[in-house]
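Accompanying notes for the structure given below.
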Amino acid sequence: MRSRSNSGVRLDGYARLVQQTILCYQNPVTGLLSASHEQKDAWVRDNIYSILAVWGLGMAYRKNADRDEDKAKAYELEQNVVKLMRGLLQCMMRQVAKVEKFKHTQSTKDSLHAKYNTATCGTVVGDDQWGHLQVDATSLFLLFLAQMTASGLRIIFTLDEVAFIQNLVFYIEAAYKVADYGMWERGDKTNQGIPELNASSVGMAKAALEAIDELDLFGAHGGRKSVIHVLPDEVEHCQSILFSMLPRASTSKEIDAGLLSIISFPAFAVEDVNLVNVTKNEIISKLQGRYGCCRFLRDGYKTPREDPNRLHYDPAELKLFENIECEWPVFWTYFIIDGVFSGDAVQVQEYREALEGILIRGKNGIRLVPELYAVPPNKVDEEYKNPHTVDRVPMGKVPHLWGQSLYILSSLLAEGFLAAGEIDPLNRRFSTSVKPDVVVQVTVLAENNHIKDLLRKHGVNVQSIADIHPIQVQPGRILSHIYAKLGRNKNMNLSGRPYRHIGVLGTSKLYVIRNQIFTFTPQFTDQHHFYLALDNEMIVEMLRIELAYLCTCWRMTGRPTLTFPISRTMLTNDGSDIHSAVLSTIRKLEDGYFGGARVKLGNLSEFLTTSFYTYLTFLDPDCDEKLFDNASEGTFSPDSDSDLVGYLEDTCNQESQDELDHYINHLLQSTSLRSYLPPLCKNTEDRHVFSAIHSTRDILSVMAKAKGLEVPFVPMTLPTKVLSAHRKSLNLVDSPQPLLEKVPESDFQWPRDDHGDVDCEKLVEQLKDCSNLQDQADILYILYVIKGPSWDTNLSGQHGVTVQNLLGELYGKAGLNQEWGLIRYISGLLRKKVEVLAEACTDLLSHQKQLTVGLPPEPREKIISAPLPPEELTKLIYEASGQDISIAVLTQEIVVYLAMYVRAQPSLFVEMLRLRIGLIIQVMATELARSLNCSGEEASESLMNLSPFDMKNLLHHILSGKEFGVERSVRPIHSSTSSPTISIHEVGHTGVTKTERSGINRLRSEMKQMTRRFSADEQFFSVGQAASSSAHSSKSARSSTPSSPTGTSSSDSGGHHIGWGERQGQWLRRRRLDGAINRVPVGFYQRVWKILQKCHGLSIDGYVLPSSTTREMTPHEIKFAVHVESVLNRVPQPEYRQLLVEAIMVLTLLSDTEMTSIGGIIHVDQIVQMASQLFLQDQVSIGAMDTLEKDQATGICHFFYDSAPSGAYGTMTYLTRAVASYLQELLPNSGCQMQ
């Protein structure tokens, strides 16, 4: 034990240091700290970091106090902390209108300010005069508000302040998709005011959300009304994005020392210890110097070469700051604190000694931490040539309050005055600890007793919804509406949480609302918004994905409880049995494992003691919040209609329902629809009102009327049997079929009025007697085109029965009959949108995957590079899809599937930066045409009629890069649907050898071999000779000639002979797939960066990628990769794009040679053209015809597209010869001669 005198003396010394270097800047009225005596503004982030030393010293005094003076000193210091935190709270509460607006817009103009007036708590600069949007600063405030409250400080006083803090939670919970200016306030490192997604902001928001969740802001004096609620799905979004970004800091910064604050104290936001170590090592190796760490590479702040009269940099100017970036001592304080938390005494000692050596001695010998160390102006060139050799000079603020505070705090920790747990009472430091395996509790509930009896026949005993009363079961969308009430405050005009989708983490908790227990079904089972939940196989697939997600992402005390409802839509078509996919899934759940997840199947009553509970007391009767505060509360837009209610019949008795029950029933009833259309006839084939020929001719005759109306004129028309005679291809694949088949004349006519126009009233009368789904669709489509969606049909004399209502009912019937083409088309007419569309899009963008919708080129192909509001995103998709509304709906579907895969299998997207949805759809249709041996028109029809499960499966095989085949399957006899059934299977050695299954893998292997061979430029040119001479030699076992037009065959290493006919089209298809999904070899962008330093640029399809980009961007920046992609994506043909990538990879081999320059602008197109000509010459020389077919758009031989990368006739051979020939022309003095 240290003696009182020694510890007291040391603490008094720190108290003097705190007073003279930090508290002397504190305003006595507001409690805010000014940045310095010259700069009177108070930065939010700096204020919080600067007060940490005061907070820590107060706790140290309280722990070591055995005199009243020490206790008084501790109280004084703690109140200084409270005063500052409340001062920041007052600054933010004065901008409450911005908090309310930002929740909906996420606009930089609506953000809280980053700095305030120290004396008045007012703003100091305009909304657009500073990079105010800094999510990490607001998150840091919430994080330490939680930590300090948990330590015993009372900072929040009233329920109005509690409501404001709850809305700050909503403010930061979207951090995973908000591009901000980051902790250095500059955004993109060009300092041009461009916001970007920053890992430091995402990580700090994640930590704040986790820390403040379920925290009582009144501390020991509070109740349930002062508890803050956070939805776990928002936290997990941040976690997922953070994992995908690190160690990269942002789009323009490949590494940033600010990441220390999220991988260690104070955030501890990263749960993967390996990722923590990788990020830390990246910072040390790339940013650390003799005086601290530079903030990021090519940081020009306060360097001698920075122009202080200019706010922004020129892009090419960033190269000037290389190797002379200023070094900041503050980052060494992070390493000291990190060493204390991790128990690394060596790290603590090393960095304490290093920091002591660069501190500045002030008056009376006090130690001051300077802001930064800069290179002297007269030694810039010397430092640039020999980094870390020049002695630097201190610049900026002395002391730097942020660094000074962390220096004092680190000293208190290192010397034992504070324990790690005292400044981390919420135990954030254990984030990397091993978590126990999660067991997901699954309860299966039958919608009614009929379904319950059907399950019992199969030996599955479950409860019905009525059996678990008084526990209430509600769909997940009800929980979204309930949470929309959270945080409302009329005094401050706060509306609460915006209505948003709640994920499976949120619906896997049990909720206590007004002393009633509620369980909510996951939203993927909700059929009210989009048609994915109408496919039972898709529901089962989503259940598998969500169970695995729960096992991986559940962090709460207790087990997750997933309620899986079995509704009447999960029965067979005749309703006599349970759908086989659903039944087999229940069997797997009974085994205890499903999709790799540990599960426990049981009744809900068995899980009540082991589940996690959330108490939503903001809906208690004594709260000010009213459920029905306006007439339109809880209503749905027309796109949410359906006749599948499902949950209404088993709720509490009407007489005993309170306001909450009435509110829930109001929400449920708003999505229900009455039935107006006549029931369908089971034998639909014999009950058509119109013949196919008559309907075809007459529907075409009214199309002209659609042009004058404000409705889409859709050349694709309805995907029904009636209209299939004239349906055209979706412009996805080439079709040899004529656009419109000629139909014979007939005397039949649509019912006409006296003016010769279609009599819509008589059409409605015919609709009453129409019992065929296809005919009902035809009639409603004609009414939609002529009269519009809002026209009142007065069907059966009932007022208010609009065309849109009837289409909604038809949508439900089509879902029951699994008519997927019709479902997608009606979804387009009703402008239905996936509820999670914006979220899915954001997931992809946050994983650094840009999106395009529509077919190339621009401007028809729309680029999505930043998150968009749902309405704006839907509008953009429909615009990009042109007049084809089914493609617009399918685009939404594909985006959702891609988001599922990027979360569950991110490895599928390695080296993909831009996902081009239009090309992906095109490739899917092409694959169907190839595999099913049908025309483009038939393939397009088949694609639109695929079930969601089959569509997702087809997409997965395309993304996986594996060879696969598609076959037609026999549909069960009892099925009434006309949609085609296909089966997708991987292709083994039939048609492709194992070593050649993935073209890009073979290309990578070839690159490695050639890299070893091309150690010098002379060696490189000699390969051109060798390749030329070997073209006529006998083929080895690794030779591949799928392109051979002479009919010769090759054999694999196993001796199995594969005919050219069997393998024809294999590599063309492989290149088309890789080009469509923009897949490139690993390390491709870094190699392009290197080759650009040896030439003036690369010309691709008429567009130049200049070498000047390397002066702005570093090789590992996402920003550079996106720039390269933007040039490559100018090429509309995916297979040609992939050949260009292969040619560039050959070129980049020169970056490893001793050649200092390879000329001016290199035209990659010419190299590919030369390679194709060399290929043609060799083919002719071995007996092929000299009129081999060429691609009209590019002039490349079709057989060259279809050549494997390797082998004597492989594309690599010819591209290598072409590069050698091309560079020989550019470099005539190289001393190499081609023969």
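Including glycine, each Cβ sits where the backbone N, Cα and C put it.
Looking at 485-525, 567-607, 854-894, 1059-1099, the range annotated in Swiss-Prot as region 'Calmodulin-binding' turns out to be 1059-1099. Looking up Ser735, Ser947 in Swiss-Prot, the residue bearing an annotation of phosphoserine is Ser735. For the residues Ser640, Ser983, Ser1030, Swiss-Prot attaches the annotation phosphoserine to Ser983, which does not rule out the feature elsewhere. Residues Ser226, Ser729, Ser790, Ser1028 are shown; Swiss-Prot lists phosphoserine for one of them, Ser729. Helix, strand and coil content of the region 'Calmodulin-binding' (807-837), in residues and according to DSSP, is 21 helix, 0 strand, 10 coil.
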